[in-house]
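To keep things clear, I will list the structure first and then write my remarks on it.
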Amino acid sequence: MKLVCFIFVYFLGIMLEYEKSGQLKTKSIDLLDLDPSTDVSALVEEIQKAEPLITASRSDQVKLLIQRLQNKLGQHSNHKFYLFKVLRAHILPLTNVALNKSGSCFITGSYDRTCKLWDTASGEELHTLEGHRNVVYAIAFNNPYGDKIATGSFDKTCKLWSVETGKCYHTFRGHTAEIVCLSFNPQSTLVATGSMDTTAKLWDIQSGEEVFTLTGHSAEIISLSFNTSGNRIITGSFDHTVTVWEADTGRKVYTLIGHCAEISSALFNWDCSLILTGSMDKTCKLWDAVNGKCVATLTGHDDEILDSCFDYAGKLIATASADGTARIFSAATRNCVTKLEGHEGEISKISFNPQGNRLLTGSSDKTARIWDAQTGQCLQVLEGHMDEIFSCAFNYKGDIIITGSKDNTCRIWR
């Protein structure tokens, strides 16, 4: 085995790309317990003992990477965000927005059947990705690489595009109904699509061929994501269930049964030990990712759960609800740590910044809010949109926010 390069992934892990028998493979090193006081030299020694790819000649490089991570973890700044740009991106309504890892560019999907690529700093349109014959609904970069874009459409196809040129590499055909969710695997070798036809499909990025069809749900698949290592994929459906699959074989590992209404979100934590599911039944559930058993039900909301997420360390869980509140739970104790109150409408999006000390929410009250993840205090209200905010996200550094609204504009905040 020969180490090829280090790929920085989020704040609490390093991904290694290595060559084995002529094939490129990846593996991740978890740094979940890293904090500003960690002895980096001692940590690198431990990593070297456990990971043969990290040889003595690479130790200084690893130490530098971890020190950079450590410095970023210490940046618990009271950064105030200011409106930087307003972009009226499309003639017809927006469906989704997504940032690349660094935040240097972002994409927008629309009912006008196109996806557009934008330069964040200048607000300049870089490419219009044309070719779909219906609404472009699901969009994603292949982060952390950021050189490809996938678009899923109501025309039942998914397209793969070059970020550099805007050219279409492949059109993936095979679904018999609208594509509503998609995701790249961490290695950027596969893209997965979820559809109203009740199936998910895995596609080979290099060849453009279908690899597997994942069948078993009895209603549309509306949530889909890979785990950190890329060997498992999770699908959430309107049939009230979540299924975990082997990405290498397409085999069903287990189905998570317990929610009594449609699933709104389903995802793994960083170290792949837990699964978090959110549902229209007003609850979230935590599941053991090894055996598929439910270990906790997170209650307290008075209306549907519309979004949920882990922080990057997997220590905190955030839930957003149609009741207009968000809640933060401890993943260890399963107790509610704090409640985020202040929005005057349903909260459809919630996410942590990479440092894990701030939360971002987007609401039908036309505002996004930034919260202290420990105290639940609202630190800032991002105002100006004229209609519901349906999408909002931090970039990798946590110093850029993008918001997308039904007023047909994107706003960049810095």
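Note that Cβ sites are derived from N, Cα and C of the backbone, with glycine treated the same way.
Going by TrEMBL, these are the annotated features:
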REPEAT    87-128  repeat 'WD'
REPEAT    129-171  repeat 'WD'
REPEAT    172-213  repeat 'WD'
REPEAT    214-255  repeat 'WD'
REPEAT    256-297  repeat 'WD'
REPEAT    298-339  repeat 'WD'
REPEAT    340-381  repeat 'WD'
REPEAT    382-414  repeat 'WD'
SIGNAL    1-22  signal peptide
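Averaged across the repeat 'WD' (340-381), the predicted model reaches a pLDDT of 96. Non-local neighbours of the repeat 'WD' (382-414) in the same chain are 10, 72, 79, 81-90, 92-94, 96-103, 106, 108, 118, 120, 123, 345, 348-349, 351-355, 358, 360-370; each lies 6+ residues outside the stretch with a CB under 8 Å from one of its CB atoms.
Under 8 Å from some Cβ of the repeat 'WD' (256-297) lie the Cβ atoms of residues 10, 12-13, 30, 32, 219, 222-229, 232, 234-238, 240-244, 303-310, 312-314, 317, 319, 321, 329, 331, 334, all in the same chain and six or more residues away from its ends. Outside the repeat 'WD' (214-255) by six or more residues, the chain places 9, 13, 26-28, 177, 180-187, 190, 192-202, 261-268, 270-272, 275, 277, 279, 281, 287, 289, 291-292 with a CB less than 8 A from a CB of the stretch.
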